[in-house]
Amino acid sequence: MQRNMLRAKLHRATVTQADLDYEGSCGIDEDLLDAADMREYEKIELYNVNNGERFSTYIIKGKRGSGEISLNGAAARRAHVGDLLIICTYAPMNEEEVASYKPKVVLLGEGNKIKAIKET
């Protein structure tokens, strides 16, 4: 049996830009992608801490070191600049993988700077 497990999470990312007219996606600072082991075009689930909205889109690379978290296209309707997001990826795993697996959690602070990286 396969289970869909949390693979990686950017916790409390601050939205820096929302552009309704841009092709859909979520731009994420490349440093944050590396820290969370997330990849461009990977599907992500986003949870808005401010308003409870839950939605999905895919990643595009943002400028390295910029702290960018940009919501584009339809996703821009789900959050405002300054809102806090939890950004997650999931992966199917079998029972053997689940038994020893730990997701990577990147805790973010002001300016989307990395505060800590945990493998819970």
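For all residues, glycine too, the Cβ spot is worked out from N, Cα and C.
Among the candidates Thr57, Thr89, the residue that Swiss-Prot names alongside Gly73, Ala74, Ala75 for the substrate site is Thr57. Taking Cβ-Cβ distances under 8 Å and a sequence gap of 6 or more within the same chain, the neighbours of Tyr58 (active site, proton donor) are Gly24, Ser25, Cys26, Tyr41, Glu42, Lys43, Ile44. Whole-number maximum of the Cα to Cα distances across the substrate-binding residues Thr57, Gly73, Ala74, Ala75: 10 angstrom.
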